[in-house]
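Here is what TrEMBL records for this protein:
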ACT_SITE  Thr165  active site, nucleophile
BINDING   Arg193, Val194, Gly195, Asp196, Thr216, Gly217, Asp218, Gly219  substrate binding site
Amino acid sequence: TAWRVLQLGGSELDAVERGCGQCEIDQCDGSVGYGGSPDESGETTLDAMIMDGNTMEVGAVADLRHVKNAIGVARKVIEYTKHTLLVGESASLFAVRMGFPYEDLTTQKSLSVYSKWLNQSCQPNYWKNVVPDSSKSCGPYKRPEEVTCKEEQTISQRSVHNHDTIGMVVIGGSGTVASGTSTNGAVHKIPGRVGDSPIAGAGSYADSTAGGAAATGDGDIMMRFLPSYQAVEYMRMGTDPTVACQKVISRIQKYAPKFFGAVICANTTGSYGAACNKIPGFTQFHFMVSSPLLSQPTEQVVDCI
C-alpha cells in the first residue's frame, strides 16, 4: 500500500500513513489496530507515531482509546498542532475534533483473550515486588509493607508472542526520509503503559540527511536505548545499514541478553538491513522491502545475533 502511494505521486509521509493505516485496518498479527492486545482491564489502546525526516517534525499518540486510525491521528498532530505527543482520553478528544469516528476497539477475539487470561490467574503480567504475589494471582496489587527486591525474570517466550509493531521507513526518489509505527502494545499491559512505538528515536526515527530506522519487540527495554535514533546516527557516520542495526542490538544485549527485539535500517541511497536478538523461539527476523529494483514487495530474512 505504501509503495503504491509513492508510485501514484504521494509524499513519503502519505506512504507511511497509508501503509501503517492499512495494517490498522487489517489488524496485522493481532498486534496492530483494534481488537488486539487487551490491557489488564480488557481494553485495547493504541500507540503510533510518524516522523518527517526533512523538517524533523514528529506527530505521536499514546494510550489512544476509541479511535481506530492511530497513525492518521498522529499525522494530524504534526499538521494542526505545535505539539509532538498527545496521550490518553485527551488524544481521543483531539482525534474526534479532527473528524475521526469514536468507535469501540474491543472485539469478541480481544474479549476472549482477556477472559482466558483472567481464568489463568492473570498470568503472565507486568507486576513485580507486589502483594498479592503477581506470579500466582490477580490483583488489585499493592506495595508490600517491606520491599525485598528479587531478580526480575525475563520470560522471553511471553515476549515473542505478545508484542509486535508495524514499523516503516520510506525513502523517496530524492532521498527524502519518513518513518512511522503503529501498535496496540503489549498484551495484558498495566493500563496507562506506553511502549517504545510512539517515542521518537525509540520506535522509529527519520533524518533525510542520513536515513531512517524502526524497531519492534519488548518496548519497555528497547525504549531505554533509543535504538532507532542510534541506528540513524551510525548510518550518518557511514556505517552500513545492516551493521548499524547489529550494533544497536549488541548495545542492548549487554544489559538485557534475553530481550526480544529487532531493528530495520535504511539509508538515503536506498541500502537497507536489519538485525535481531537471538533467543529461544526467535532466531530469524522477517521484513518486507519494496524498491525500484524489485518487481514486487519482497520478504527478506536475517539471522538473529
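Cβ coordinates come from backbone N, Cα and C, glycine included.
Location within the structure of each feature annotated in TrEMBL.
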residue	record	CB count, 10 Å
Thr165	active site, nucleophile	29
Arg193	substrate binding site	18
Val194	substrate binding site	21
Gly195	substrate binding site	24
Asp196	substrate binding site	32
Thr216	substrate binding site	26
Gly217	substrate binding site	26
Asp218	substrate binding site	25
Gly219	substrate binding site	28
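Spanning the residues Arg193, Val194, Gly195, Asp196, Thr216, Gly217, Asp218, Gly219 that the record associates with binding substrate, the maximal Cα-Cα distance equals 16 Å. Geometry remark: Val194 (substrate binding site) versus Thr165 (active site, nucleophile), CA distance 13 Å. Here the candidates are the binding-site residues Arg193, Asp196, Gly217, Asp218, Gly219, and by Cα distance the one nearest Thr165 (active site, nucleophile) turns out to be Gly217.
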